[in-house]
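Peer 1: Attaching a single structure in structure tokens format; questions to follow.
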Amino acid sequence: MQAARHVVCALSGGVDSAVAALLLRRRGYQVTGVFMKNWDLLDESGVCTADKDCEDAYRVCQILDIPFHQVSYVKEYWNDVFSDFLNEYEKGRTPNPDIVCNKHIKFSCFFNYAVNNLGADAVATGHYARTSLEDEEVFQQKHIKRPEGLFRNRFEIRNAVKLLQAADSFKDQTFFLSQVSQDALRRTLFPLGGLTKDFVKKIAAENRLHHVLKKKESMGICFVGKRNFENFILQVSVLCCKGVESRFCAGPGSISNEALVFQYLQPRPGKFISIEDSEVLGTHKGWFLYTLGQRAKIGGLREPWYVVEKDGTKGDVLVAPRTDHPALYRDLLRTGRVHWIAEEPPAALVRDKMMECHFRFRHQMALVPCVLTLNQDGTVWVTAVKAVRGLTLGQFAVFYKGDECLGSGKILRLGPSAYTLQKGRSRAGVATEGSGDGHSDSPGLGPTR
């Protein structure tokens with residue numbers, strides 16, 4: 001008789017991962033629960049929230065009668081996720097640490113621990129996503145060491161596993177999994193991929209998992225928690241610039257290297273300036289605190305103003321009135337090198353250098369029809385069929401074809417806004433096709449619609 005397949009399930013202390021472990025148990029697998037401690041920060045009442053989550057995860061394992069393990073990736077999270085988060089803000093970008101965490105922590109550190117230390121046949125998480133493999137196909141996968149260098153062996157025959165959207169389109173989390181490696185994906189189970197959130201809650205209620213069912217949905221950046229983000233980032237800046245070792249810097253070793261990162265996040269007071277007439281409307285604590293498209297908090301003004309540009313040299317934030325101001329809309333962006341789930345660009349994109357698909361840069365936003373133009377360095381130009389509000393540097397443009405998530409690339413350059421193009425046309429007195437940024441591989445900047 002064949003031994004039961006061993007599945008190591010990541011437990012967060014929440015309802016989704018708890019039900020995922022329960023469903024795996026019901027399928028007859030040997031299940032082990034693992035809680036990852038990635039951050040070590042006291043909340044405002046002096047309690048380490050990670051400890052409470054760990055207790056909840058341990059209780060899930062007791063109820064399900066499965067082994068429990070705890071691993072700490074505080075150091076790895078600091079180096080690979082949080083330092084990147086701060087570096088991106090220093091550059092004036094708005095990062096997405098959840099995507100980076102999945103890439104480096106859950107589907108790298110945890111995945112390797114589960115396979116190499118616990119002898120897992122497969123790993124599982126509580127993400128709402130699916131793959132193109134059935135369970136038994138996942139167990140048949142073998143780890144293939146990638147060759148050194150940029151490209152894999154062209155003669156290696158391996159059908160790529162697809163990352164597919166969940167049945168619950170509202171809860172679908174493929175956006176956050178768009179940087180996961182093919183090796184990890186082909187050995188991962190997503191038990192909740194075909195379920196709705198309401199049904200998951202029903203399963204939890206019927207199986208004595210009330211302690212996780214009562215917990216609020218985890219939203220926002222995990223290491224900020226319920227705090228005001230502006231206060232958090234400024235507090236971290238001041239503490240670390242002064243060389244103060246605090247619970248923000250928990251983990252092995254000194255904070256000398258990390259302190260260097262924070263030196264670039266010292267409060268940088270600047271001005272709010274109207275993009276229409278250059279009038280100074282107020283002041284702010286630091287331009288890196290603001291994201292394109294968000295409402296600017298300007299004291300003394302009744303009408304809402306929105307962030308449309310940031311001047312890192314002067315530290316000024318340009319704002320515009322109205323949530324639908326043309327300065328908020330763009331139809332062109334360029335990414336960094338794209339991470340393709342299949343490890344290589346789609347065949348149609350390689351063949352034609354252009355391909356129609358959809359993209360989003362925020363979780364749960366409506367998919368936007370677009371055309372991708374492939375550059376020789378692996379980056380892509382993304383031309384939206386219709387201008388999009390609030391395109392933001394540092395966010396990930398995640399690409400879809402049907403229900404398949406193709407991968408993602410970090411947004412590193414934006415085309416001109418509709419407002420800029422309108423001003424250009426007014427000055428020229430004739431319609432213009434727009435202008436690029438001096439790079440010959442631009443697909444051209446047509447009028448923003």
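Each residue's number is its place along the chain shown, starting with 1.
Using N, Cα and C of the backbone, Cβ positions are placed for all residues, glycine too.
Remember, TrEMBL labels are computer predictions, not curated facts.
These came from TrEMBL, pasted as-is:
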type	residues	note
DOMAIN	261-320	domain 'tRNA-specific 2-thiouridylase MnmA-like central'
DOMAIN	331-411	domain 'tRNA-specific 2-thiouridylase MnmA-like C-terminal'
REGION	425-449	region 'Disordered'
Peer 1: How many helix, strand and coil residues does the domain 'tRNA-specific 2-thiouridylase MnmA-like C-terminal' (331-411) contain under DSSP?
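Peer 2: Secondary-structure composition of the domain 'tRNA-specific 2-thiouridylase MnmA-like C-terminal' (331-411): 6 helix, 45 strand, 30 coil.
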Peer 1: Which residue counts does DSSP give the domain 'tRNA-specific 2-thiouridylase MnmA-like central' (261-320) for helix, strand and coil?
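Peer 2: Reading the DSSP string over the domain 'tRNA-specific 2-thiouridylase MnmA-like central' (261-320) gives 8 helix, 26 strand, 26 coil.
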Peer 1: Averaged across the domain 'tRNA-specific 2-thiouridylase MnmA-like central' (261-320), what pLDDT does the model get? Just tell me the whole number, please.
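Peer 2: In the predicted model, the domain 'tRNA-specific 2-thiouridylase MnmA-like central' (261-320) has a mean pLDDT of 86.
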